[in-house]
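Working notes, beginning with the structure itself.
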Amino acid sequence: MANTPHGGILKDLVARDEKISAELKEESHSLPGIVLTERQLCDLELITNGGFSPLEGFMNERDYTSVVETLRLADGALFPIPITLDVSRETVERLSMVPGARITLRDPRDDEPLAIFTVEDVYTPDRVKEAINVYGADDPAHPSVSYLRNRVQDLYIGGKVQAIQPPSHFDYVALRYTPSELRSHFKKLSWRKVVAFQTRNPMHRAHRELTVRAARQRQANVLIHPVVGLTKPGDVDHYTRVRVYEAIMAKYPNGMGHLALLPLAMRMAGPREAVWHAIIRKNYGATHFIVGRDHAGPGKNSQGKDFYGPYDAQDLVTQYHDELQIEMVPFQQMTYLPSTDEYQPVDEVPKGVQTLDISGTELRRRLRTGAPIPDWFSYDAVVKVLRESYPPRNKQGFVLLLTGLHNSGKDNIAKALQVTLNQQGGRSVSLLLGETVRQELSSELGFSAEDRHLNAQRIAFVAAELTRAGAAVIAAPIAPHERSREAVKDIVLQSGGAGANFFLVHVATPLAHCEKSDRRGLYAKARRGEIKGFTGVDDVYETPEKADITVDVTKQSISEIVHSILLLLETNALL
């Protein structure tokens, strides 16, 4: 029998509003609309299908403040992650977002109306407190803190939603279950105990052994429930991962396991996220939930230390056990015993017995170099999928973002790099010069901070598409602001697939030299006031904080600079 939903009632808003969905859709055409971000789209899907029960909308200020401060909604219900709808001040004013206003929420992929949102309040979040309380620190090394700082808009709007229709999916449709559908599936198969396994990574033999062992000890079945929404930048894309999951499901005992996909936008919030994941799996009907070591941890902070302790997540889930009403299964670190050809928990291996392991870093190295991956670690079918999606490093694409003042030499460096990389062969090489992009992609944009930022985002989109296809991309805009450079990096890391290799080159040629050697006289025009917003004159150039390499044409020749950049690529095994 499936577990009781969190709060006692599954808030399936799609089913609830089905009788009036046609009326809602008709109404949506006459309402102002918001096109959702990818994260907001994931959140809305899990609000409307009941995965976020007991939520019926995006949190108002009372719920938001309470969740940030106490891990509870204003009514006292346990809920550890703020689910918010962020909008710009301009959008609030333009759409007259006052309490009672009705807004259409639209799918960013096809502009289809998904829900009607009724505004309860508009409020300014305390983003520093949100970062510290929810993620543990206001540290931009945390991907969600970086997202909070750079991509979240100024205001949050709270209110409930009415569902018009769920988002359409064209990939792995047979594996996408709503909570109601998965509960019905468990009932049909008479599954009374279900152990849910959360993952955002490929699975290997150790994961299979871990989940089978957990199920057998509890006389239960296994739900492999991977995240296919937003995950951590740099993670393996969900298309590859799902093919891996499909391959590994064939290795489970007949009838033991089931694969279903979860459209969740992860926050990498460690302990809070583990409690959140437990609530979601409870809503999907699971009775047990595996919580791993450093569950949903994002890695190292700015000081090089882990954001969370290895068992903080397990401790917090245990603390709320009585309210969660889902049994936690502690993740057991598994290791391979070659003498018996089996996996055992590390703490159960007798002293002196030989064990073998391959770290994530070592696995990535073997995939990159083509080195063999032993069958005791992973299955041939899994390795085949990974090798298809992740070619060796010297076949992967990459992006070089050259930033510097006008006439700093960045364009000449970019052109020389293009020639040199073309000479080496092996990849197509694309050159995105600032002025060319302005003419071809951004001719309507000016030079305000926002227009510059939008131009950088367009460059990033093109660069990510090209590098995902294995191209070398050399982009050379001025990109004077740190926010824009970080946005370019984030887009490439999130969308570049196997080509998500990004390097920032600061062409630090001094302003005096740039101005003195400016044959076009643009600096002189800017000094006379004939050009407004000119970088270095009446617009500041923010020196990059974390350039991968810094060069200067007053100290190095173009050839020497090109050679140093090639050495950077060689060091990262990309040549």
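Cβ coordinates are placed from backbone N, Cα and C, and glycine is handled just like the others.
Fair warning: this is a prediction, and the values are worked out from it, not measured in the lab.
According to TrEMBL, the active site annotation covers THR199, ARG200, ASN201. Marked as sulfate binding site by TrEMBL: GLN198, ARG200, ALA296. Per TrEMBL, the feature ATP binding site maps to GLN198, THR199, ARG200, ASN201, GLY292, ARG293, ASP294, HIS295, MET334. Here TrEMBL flags GLU435, THR436, VAL437, ARG438, ARG520 as 3'-phosphoadenylyl sulfate binding site. According to TrEMBL, the domain 'ATP-sulfurylase PUA-like' annotation covers 4-165. Under the heading domain 'Sulphate adenylyltransferase catalytic', TrEMBL lists 175-388. Per TrEMBL, the feature domain 'APS kinase' maps to 396-552. Feature annotation from TrEMBL assigns region 'Allosteric regulation domain' to 396-575. If you look up TrEMBL, you'll see PHE331 marked as site 'Induces change in substrate recognition on ATP binding'.
Positions of the features from TrEMBL, shown on the structure.
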{"residue": "GLN198", "record": "sulfate binding site", "Cβ within 10 Å": "25"}
{"residue": "THR199", "record": "active site", "Cβ within 10 Å": "19"}
{"residue": "ASN201", "record": "active site", "Cβ within 10 Å": "15"}
{"residue": "GLY292", "record": "ATP binding site", "Cβ within 10 Å": "20"}
{"residue": "ASP294", "record": "ATP binding site", "Cβ within 10 Å": "20"}
{"residue": "ALA296", "record": "sulfate binding site", "Cβ within 10 Å": "24"}
{"residue": "PHE331", "record": "site 'Induces change in substrate recognition on ATP binding'", "Cβ within 10 Å": "21"}
{"residue": "MET334", "record": "ATP binding site", "Cβ within 10 Å": "22"}
{"residue": "THR436", "record": "3'-phosphoadenylyl sulfate binding site", "Cβ within 10 Å": "13"}
{"residue": "VAL437", "record": "3'-phosphoadenylyl sulfate binding site", "Cβ within 10 Å": "20"}
*binding-site residues GLY292, GLU435, ARG438, ARG520: which have a Cα within 10 Å of GLN198 (sulfate binding site)?*
GLY292
*Say you check the Cα of VAL437 (3'-phosphoadenylyl sulfate binding site) against those of the recorded positions ARG200, GLY292, ASP294, PHE331, MET334; which is nearest?*
ARG200
*asked:* Excluding near sequence neighbours, so keeping only residues 6 or more apart in the same chain, what lies with its CB under 8 A of ARG438 (3'-phosphoadenylyl sulfate binding site)?
replied: LEU445, ASN455
*Roughly how many Å separate the Cα of MET334 (ATP binding site) from that of THR199 (active site), to the nearest whole number?*
16
*Among ARG200, ARG520, the one of these recorded positions whose Cβ has the fewest neighbouring Cβ atoms within 10 Å*: ARG520
*State the mean pLDDT for the region 'Allosteric regulation domain' (396-575).*
92
*Starting from GLY292 (ATP binding site), work out which of the recorded positions listed here (PHE331, GLU435, ARG520) have their Cα within 10 Å, and give them in sequence order.*
PHE331
_Between GLU435 (3'-phosphoadenylyl sulfate binding site) and ALA296 (sulfate binding site), the C-alpha gap once rounded to whole angstrom_ = 42
*Name the one residue among ASP294, ALA296, PHE331, THR436, ARG520 whose Cα is closest in three-dimensional space to that of THR199 (active site); these are the recorded positions.*
ALA296
*Say you check the Cα of ALA296 (sulfate binding site) against those of the recorded positions ARG200, ASN201, PHE331, THR436, ARG520; which is nearest?*
ARG200
